[in-house]
């Protein structure tokens, strides 16, 4: 821990930011120096942007490869192409990436605050965002030294939180003299990224006071309803908790990304193989035929067949470079960005009540939304509304509903005292509670409705109006709630001097700490709890304990020592809490209602039909989780069997899994009928051990629905990681609270719901929206479309590039393996950038199936099986390209060989053949489409029009006279080009080539549909045979559609 010893005689005296500061003394124990507030979140500046950005981009294999090609093209003995054929595409790719990186960095730079402060200042601030540093709150303008802050920038939560200064520092107020004379020592933990924790002590006038997170204002929070406050700068600049949390996040990549990386490496190997074959062919040709050409093509001195073969290898590396997709990654990012905008703009995923649209927080995972096999969902706030209503309670063994006439004062006194709620009276008589969780708000509100009104709190007291009588309790200690303790307690002293500990928490936790005399009452209360849980209500158990004065004095002394300890504070406090929270007396139980969100059962039903398995991971009771499972249609009466694992030992968990295993005779996941599995937290903890985890996974994966109850946040993440590690399937986790963050980060796809528990889940997610029902559209519409578009793009992209390159390969056998290109240099330069860019991008951004197909969730399954793009699909694409390239080379070659025009002039020259071959290639690529839509037609005919316009411009007389060296074709070639396209033989060749390329492929697809129809083909046939839309809707509504009949 660091130590700051301060004689503070300087402070800000104005709110306008002007301040005067005198030197202060800072003892440097572990801090070698005090950090100022200057931070840097941007990666570049004006001087370093170009070199650093280029360095990062050339770390990518494809970019480095094309830079290497550019250097090769500068060697005359190697290159048969001009340098610009590689330089122009490379420059465009680098420029697009650089613009994107620069825009991201500018946004990051503008976000950074620039007010400079150091860790030895007292600062005054008003109703504004705290951009300076992390502050220890000293005093404020509000009563009881309260400060109201909004932490949306830190954790996304918009509800106001309350911070409170120590009474000893709050007494200074805004007095300049008192603050100037403040002399104390603050010991605190080193800088860290824990937003919810702070450990420190303040030593003042010989007394030591504990400092925790409630007394600290963090950089990024915004003050509300506070005129002014004074704070001591603790951490500045990169040491602030906000900046400590700005570290690198694990970058998620899709399965298609990983596959593309493998394919690119395979393409490099295939390129080396082709170049080796052609280099060997060059050596053979030089030995057998080369000597015949030396009379008019003399060799350079010292160049023999071996050296010629070596140079030819590198020449063909340049000529065949289009097989390596330089523009692939840029095109993929453009497609993903466009599909992300579709999610952001989707009005059907907009929630008007909270004005919350859907948001794609990442642009790299869109197509993986179409491949989800497992969904891991939280319950409260995700499946339910997380709007709590006090519904029933059990007091001293008696069950009461809402209409009960309750006289159990101790019960509601506990509800009014044991909480962290802050009251706010905006208008006279209108009391508003600021609760950090809906549960607490509902319980405190229930206590108010039954005559126990919580009015105010200070660090030392809680004021309650009990049945019209104002009572102030002395607050002795607060035993905080967390996900491990699963309970909260307060210790108070009543006006008559009675010390009492009030505790509320989960039934399993509180039951372990009850006095033996409560056994009978516990049985009755447990029956009530099971009844409440069966109704889907959320339950808590309440208990209390009267304390002895002498014991309490001793306990408080040890509590003060533990709370002011810098090492092992949490462990020591936990021991003290365990010590005092025992032998409790049972008061009763509460039950609050949390209704399902709209459309949850229907959404789960559709996702189940899409063969997506849904696992619910919740901290609720088993009975509550089971009831919600039935309400959501995850558990159904027609299921063959629902297994329940509720073991409390490792042996019990092992026996349970063994029994389930033995009751099934079918191996792997294919089982006869639907099954469900319910497992509690104790069983899950044992089942996650190394020797049982695979058996747990195998058992769970045989079930259509799995519900894990009483689980911790860590167990949620462990379950997700288990499936992610051992199953070749894509996972999605969805939640709405901070306890779901670890699960969301662990899954392939994380989805956050902006609900009642703040925005921490949203801030950690990849996609977010306001209601669970939008998950159906996110997966079955956007996910499926994104996957289909990406797969079609990749197949088309590799097809056009391999077809383009294979033509060069066949031509090598007719040009003496001399690395001569088929096409002219400008066509090679603009092939990917201009001529074929629009059709493939248009298909990848605007292609979608008919909207009525969305009624068939079974269409989602091909993505789960990765049927549309895989290594097999890539090999089929190469075979298709090989066939097309043979047709595209040999048909024009045979058609133009020894051919003359009508005027007797020879057509069989290299330039005419190049123009004819590249025209046939472009026509075939543009006509290879699945859909004939207006958008498709526009891009197809637009690309052809651009091609002919550029071709006639490049070969015009004007271009020849202006740029003779760049356009070396003779000036008469323009008229010759026009004459060529006026020859019927040329257009017949184009038609024949297109027919031979497209017709066999169409015929093969037709035969495949008849013999081995895919699920898409089945649905297309069913939709086609549907007579009217009303009939279609009737079939869908009554679930009469069965794909098995086809």
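Just so you know, glycine gets a Cβ as well, placed from its N, Cα and C.
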Transmembrane segment range according to TrEMBL, out of 986-1008, 1009-1031: 986-1008
Cβ-based isolation winner (fewest other Cβ atoms within 10 Å) among the binding-site residues 380, 739: 739
Contact between the transmembrane segment (81-99) and the transmembrane segment (305-330) (at least 3 Cβ pairs under 8 Å, separation 6+): yes
Other CB atoms within 10 A, centred on residue 740 (Mg(2+) binding site): 31
Residues near residue 538 (ATP binding site) in space but at least six apart in sequence (CB under 8 A): 380, 388, 439, 591, 592, 593, 594, 620, 624
378, 736, 740 screened against residue 619 (ATP binding site), Cα within 10 Å - retained recorded positions: 378
Recorded positions near residue 740 (Mg(2+) binding site), in sequence order, restricted to 378, 481, 710 and a 10 Å Cα cut-off: 378
Pairwise CA distance, residue 736 (Mg(2+) binding site) versus residue 481 (ATP binding site), rounded so that it is a whole Å: 19
Rounded mean pLDDT for the residues that make up the domain 'P-type ATPase N-terminal' (35-86): 73
